[in-house]
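Peer 1: Here it is: the structure, laid out below.
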Amino acid sequence: MEGVLAANWSAEAVNSSAAPPEAEGNRTAGPPQRNEALARVEVAVLCLILFLALSGNACVLLALRTTRHKHSRLFFFMKHLSIADLVVAVFQVLPQLLWDITFRFYGPDLLCRLVKYLQVVGMFASTYLLLLMSLDRCLAICQPLRALRRPADRLAVLATWLGCLVASAPQVHIFSLREVADGVFDCWAVFIQPWGPKAYITWITLAVYIVPVIVLAACYGLISFKIWQNLRLKTAAEAAEAIAGTEGAAAGSRGRAALARVSSVKLISKAKIRTVKMTFIIVLAFIVCWTPFFFVQMWSVWDADAPKEASAFIIAMLLASLNSCCNPWIYMLFTGHLFHELVQRFLCCSSSHLKTSRPGETSVSKKSNSSTFVLSQHSSSQKSCS
């Protein structure tokens, strides 16, 4: 049957492959082979992505757990986005890595369906939690006086997770363990030909990529407009203050009012603009990482002559997983104090452990501790451990 994608990249979360060959001639010809050199490159890339995604997002969750600002609205969404990235690492990247090593799926039919289901759950969750965080930043800028409503935030996150679980359900029906050659079984997708693969991949592309990108663009368009309004108000207020200073006491009250408006605009900008920059960079990383993936997916189902076995075509499929290991570095860039506090707490607790485990070397340990924290001797993390 048409649409069988070689080199085992059909094991990706959204597989555009059709049912295995059913013609007797295909059965007797033996199972399809793969490019072993390319497979080794895939394994190396996936190992690196898995390590970075697991270690980076685990550090983010640990830092968020130990920070003093646990109830921050932004940190709440960062936590769930990191959990979604861990789901991608464990249930999408890791199975794909094992699959590239073994070439064939070795497991029962239930495991085949479960793996394919969880792969798409992570994809949906990572996308829509990022969308939810961006909507929250948009509301924070456009409605700065909006009260913090933690139950509403939790309900929105819960609804997002449940929606992702439901939206991924078709994977359970599409994928199954099937015989691809005489005595050779693999986890394959079965579509109604010829429109099945086109309909499903197009729907996934719309739901996970195109619609979220449109909404994200609208969010940051509104944010940019609001920031421009604030800057214009700030400029007008500064001009009014300058005029008031030259017109004497009669205009003094107007000058003070203008100064108050200037301070208000400054406060909004300083409090929000950094988090907006962070989420904007995360969105850019999402677009850069996922665009090649969905481009080759759509190309493979809408063009019968697409080079499905080309190296560049296959490597482009792997770039999507990079998004899960990029996010922790973006968090570190914009919220570096989180990781600074985490490192301080770790070093402080390690030093405290050394002092208690070596009572005969108290003076040496105390000297080491003072030199280690000479740059941050007043930090709260040090006080909590001492």
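Each residue, glycine too, has its Cβ placed from N, Cα and C.
Pasting the feature list from Swiss-Prot:
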TOPO_DOM  1-38  topological domain 'Extracellular'
CARBOHYD  Asn8  N-linked glycosylation site
CARBOHYD  Asn15  N-linked glycosylation site
CARBOHYD  Asn26  N-linked glycosylation site
TRANSMEM  39-63  transmembrane segment
TOPO_DOM  64-74  topological domain 'Cytoplasmic'
TRANSMEM  75-97  transmembrane segment
TOPO_DOM  98-113  topological domain 'Extracellular'
TRANSMEM  114-135  transmembrane segment
TOPO_DOM  136-154  topological domain 'Cytoplasmic'
TRANSMEM  155-175  transmembrane segment
TOPO_DOM  176-202  topological domain 'Extracellular'
TRANSMEM  203-225  transmembrane segment
TOPO_DOM  226-277  topological domain 'Cytoplasmic'
TRANSMEM  278-296  transmembrane segment
TOPO_DOM  297-311  topological domain 'Extracellular'
TRANSMEM  312-334  transmembrane segment
TOPO_DOM  335-386  topological domain 'Cytoplasmic'
COMPBIAS  376-386  compositional bias 'Low complexity'
Peer 1: Near the transmembrane segment (312-334), which same-chain residues lie under 8 Å Cβ to Cβ, leaving out any that are not at least 6 residues past its ends?
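Peer 2: Residues 7, 9, 12, 38, 41-42, 45-46, 49, 52-53, 56-57, 59-60, 78, 81-82, 85-86, 88-89, 92-93, 96, 123, 126, 274-275, 277-278, 281-282, 285-286, 289-290, 292-293, 295-297, 300, 306 contact the transmembrane segment (312-334) from elsewhere in the chain.
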Peer 1: Compute the average pLDDT of the predicted model within the topological domain 'Cytoplasmic' (226-277).
Peer 2: 63
Peer 1: In the same chain, who gets a Cβ under 8 Å from the transmembrane segment (155-175) while lying at least 6 residues past its ends?
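Peer 2: That would be 15, 76-77, 80, 112-114, 116-121, 124-125, 128-129, 132, 187-191, 200, 207.
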Peer 1: Take the topological domain 'Extracellular' (297-311) and count its residues per DSSP category (helix H/G/I, strand E/B, coil), listing them in that order.
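Peer 2: Going by DSSP assignments, the topological domain 'Extracellular' (297-311) contains 7 helix, 0 strand, 8 coil.
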Peer 1: Using DSSP, what is the helix/strand/coil residue split across the topological domain 'Extracellular' (98-113)?
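Peer 2: For that range the per-state counts are 10 helix, 0 strand, 6 coil.
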